[in-house]
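> Not my notes, these are from TrEMBL:
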BINDING   98, 100  Zn(2+) binding site
COMPBIAS  144-159  compositional bias 'Basic and acidic residues'
DOMAIN    50-159  domain 'SHSP'
REGION    126-159  region 'Disordered'
């Protein structure tokens, strides 16, 4: 029993007609779309792009709670005299730079700058920074709210 209707055409060959019946004008587009979808299925591991997770790997830690604003940075490649911490406008800027040094087989020169917005309640003159012997730079800014900022009733106006 055949699923195709019987055709009484001289020279009819079932093998000749089958490719024409299964042909789709969208076949090439479908094949290309599948190739694009398959290539997007591969996601690189985070270790191939270490700068993406710098905040998660212990090199930098940021704590912003109701009492303090704390920044911890691993800067063991720098000496304290090669570091600077300053406030400008409403930001804290951390900069480290050392000149060319011999390192293993060659020479290395490092420089970085990190900038953070200061949250509300932090007064720039109260910021303290210290560097431990193992190269951890800690910047602490206590939050200080004035008494009238704790709670304030806002009147509701009617129009």
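Keep in mind that glycine also has a Cβ here, set from the backbone N, Cα and C atoms.
Where the annotation comes from TrEMBL, it is an automatic prediction and has not been curated.
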> Under a criterion of Cβ-Cβ distance under 8 Å and sequence separation of at least 6, what residues of the same chain contact residue 98 (Zn(2+) binding site)?
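Non-local contacts for residue 98 (Zn(2+) binding site): 77, 78, 79, 82, 109, 110, 111.
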> Long-range same-chain neighbours of residue 100 (Zn(2+) binding site), Cβ under 8 Å, sequence gap at least 6?
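The answer is 107, 108, 109.
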> Helix, strand or coil at residue 98 (Zn(2+) binding site), per DSSP?
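For residue 98 (Zn(2+) binding site) - judged by DSSP and reduced to three states - the answer is strand.
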